[in-house]
Amino acid sequence: MFELIIFEILKVLNSSSRYFHWKMNLCVILLILVFMVPFYIGYFIVSNIRLLHRQRLLFSCLLWLTFMYFFWKLGDPFPILSPKHGILSIEQLISRVGVIGVTLMALLSGFGAVNCPYTYMSYFLRNVTDADILALERRLLQTMDMIISKKKRMAMTRRTMFQKGEVHNKPSGFWGMIKSVTTSAPGSENLTLIQQEVDALEELSRQLFLETADLYATKERIEYSKTFKGKYFNFLGYFFSIYCVWKIFMATINIVFDRVGKTDPVTRGIEITVNYLGIQFDVKFWSQHISFILVGIIIVTSIRGLLITLTKFFYAISSSKSSNVIVLLLAQIMGMYFVSSVLLIRMSMPLEYRTIITEVLGELQFNFYHRWFDVIFLVSALSSILFLYLAHKQAPEKHMAP
């Protein structure tokens, strides 16, 4: 599909051939996303349940029907298409897939627009010194020494109890069971208390170790920010922070005034620049080439960002039993993400290049998707700003506490 977007800009193949390939690709990917992948997700979920193993095909069909019910109900609250379309038309399926995909894109874009400058800019780095790291390492070593000493006490207590016969000489019979329940040896009470203290100290040691590793990582980032490459990324951070503020401002304007752009951003930007500078410039020619480059950048960066995010998520929650289900879920998310990318990239293309895409996608309410993207993007970006602000505000207090 992304190849076909490039073909639209470069006018590769005849228009009828591009239309056919667009139609075929959309039909195939919708077949995969709506029918095949959800069925196999249900099949692998049922296969992991022993009680349902013999009738897994039946229960897989029931899970798929449940998915289809909620998938279809998803379109009821949203004005996503004209009511005249049939039940199994491309418009019915792609409109619902687009809602999920656009929501995912907006969430990732909102977080990325805030997290990228926060990660790149040296302004947000905490001032970490060698003394801070040494103080935290000293606390970690003291905690480890306390854990070792308490475990030694536990071993000595167990040895004393064994020598006194408190471990093997347990009372037998009915009255012996009652006595063992109502009374306990003083040594066992000490063991329970010491074990609780050891558990608390081990949890503290894990937290101190993570904080120490975080301080080392922050110190390395401070050193890296002083290099030429670090200064370059710091400049990018300032650029993206301006872009983030502009994007949030424009999303707010679009929501408040119910505004959707009619001209693609490249053509609009060139027109404003040419009119401001008052120079002779072939807007149509250069907007075509710049749109080609811009769409390519959008495609590469969006796919790369999505794959990195999903790979981290996969490594975090995967196991031997759930790996098949997780891989299929990631495939489902990626497919919906790519379909909705076509819906949104369409607006970044000049008007003459989006004709076939508009015809293939049908009579969708494209303005709704752009407005929905702005709403979710704004919520995601503001939530990310609040989260990163609280995390950044608490971090120095947490690490530098005595």
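For all residues, glycine too, the Cβ spot is worked out from N, Cα and C.
Small disclaimer: the values here were computed from a predicted structure and weren't measured.
Per TrEMBL, these features apply:
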TRANSMEM  20-45  transmembrane segment
TRANSMEM  57-74  transmembrane segment
DOMAIN    89-154  domain 'Golgi pH regulator conserved'
TRANSMEM  94-116  transmembrane segment
DOMAIN    224-393  domain 'Abscisic acid G-protein coupled receptor-like'
TRANSMEM  235-257  transmembrane segment
TRANSMEM  290-315  transmembrane segment
TRANSMEM  327-349  transmembrane segment
TRANSMEM  369-390  transmembrane segment
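Counting only same-chain residues 6+ beyond the ends of the transmembrane segment (369-390), those with a CB under 8 A from a CB of the stretch are 78, 80, 98-99, 102-103, 105-111, 113-115, 118, 244, 247-248, 251-252, 254-255, 258, 260-261, 340, 343-344, 347. Here the transmembrane segment (327-349) does not touch the transmembrane segment (57-74). Their Cβ atoms form fewer than 3 pairs under 8 Å, with each pair 6 or more residues apart.
Across all of the domain 'Abscisic acid G-protein coupled receptor-like' (224-393), the predicted model scores a mean pLDDT of 75. Look at the domain 'Golgi pH regulator conserved' (89-154): DSSP puts its residues at 59 helix, 0 strand, 7 coil.
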